[in-house]
Amino acid sequence: MKNICTLYLIRHGETEWNVKKLLQGHTDIPLNKKGEIQARQLARKFAQTHFDAVFSSDLIRAKRTAEIVTQEKKLAIFTTKALRERNFGQYEGRSFVQKKISTLIGKLEAETKTIIKEPFENNEILMMRFSTFLRETAVAYLGKTVLIVSHGGPMRHFLACLDPEHYREELGRVRINNLAYFKIKSDGIDFFLEEVSGVNIER
């Protein structure tokens, strides 16, 4: 359809910090061997899918994932900070189980002075940069199909916006697995969720 953009939004492959359950944020951690294998598996899944453009977070774990997934397609990869993970500031490199991350974020958002002192991104700032980029991309690529590689944090919150009935109240337990992806349609204004793969709610 000429007036609709199709977006495939993918989370990067596994890193050693994922294995150790450390907050990565803007820290530039590469894929581990398993992460590279995961990306090659996804490349095979998308072998017959045509992409008109590829965008990635500029962090190496996302960029490398994009390179592997699109290696046979010979497409340029455009990187941007707009697709980065949340900036966790001084908390990067610390160990937090997934269920505690939302509690941590809420605590820091309530402590305004802490946010001013530290480069920590609250939910509003995170989603503003992320959704703005997706909307601008959809407008620029109406009638096209675009691959986007990003991170679990922004993808989790965006999923809750797309399907609040299933994900918003469970946000703290929503797990976006490595190489999880969403297929989304957009007219440049609204987003419509068509497919979700690699997402589960922890109990």
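Cβ atoms here come from the backbone N, Cα and C positions, even for glycine.
In the three-state DSSP classification, HIS12 (active site, tele-phosphohistidine intermediate) falls within coil. Within the same chain, residues at least six positions away from HIS12 (active site, tele-phosphohistidine intermediate) with a Cβ under 8 Å of its Cβ are LEU31, GLY35, SER57, LEU59, ARG61, ALA62, ARG64, THR65, VAL149, SER150, HIS151, ASN178, LEU179. If you look up TrEMBL, you'll see HIS12 marked as active site, tele-phosphohistidine intermediate.
Annotation for GLU85 (active site, proton donor/acceptor): same-chain Cβ neighbours under 8 Å, separated by at least 6 residues, are GLN24, GLY25, HIS26, SER57, LEU59, SER150, HIS151, GLY152, GLY153, PRO154. Taken from TrEMBL, the feature active site, proton donor/acceptor covers GLU85.
The feature substrate binding site is assigned by TrEMBL to ARG11, HIS12, GLY13, GLU14, THR15, GLU16, TRP17, ASN18, ARG61. The Cβ of ARG11 (substrate binding site) lies under 8 Å from the Cβ of VAL149, SER150, HIS151, GLY152, MET155, ILE176, ASN177, ASN178, LEU179, ALA180, TYR181, GLY198, each on the same chain and at least six residues away in sequence.
Around GLY13 (substrate binding site), the same-chain residues at least 6 positions away in sequence with a Cβ under 8 Å from its Cβ are LEU31, LYS34, GLY35, GLU36, ILE37, GLN38, ALA39, ARG61, ARG64, THR65, ILE68, ASN178, LEU179.
The DSSP secondary structure for ARG61 (substrate binding site) is helix. Across the residues the record lists as binding substrate (ARG11, HIS12, GLY13, GLU14, THR15, GLU16, TRP17, ASN18, ARG61), the two Cα atoms farthest apart are 15 Å from each other. A C-beta separation below 8 Å, combined with a sequence spacing of at least six in one chain, links TRP17 (substrate binding site) to LEU23, GLN24, THR27, ILE29, GLY93. Under DSSP, GLU85 (active site, proton donor/acceptor) is assigned to coil, being neither helix nor strand in the three-state scheme. Less than 8 angstroms from the CB of THR15 (substrate binding site) sit GLN24, ILE29, PRO30, LEU31, ASN32, GLY35, ARG61, each of them six or more residues away in the same chain.
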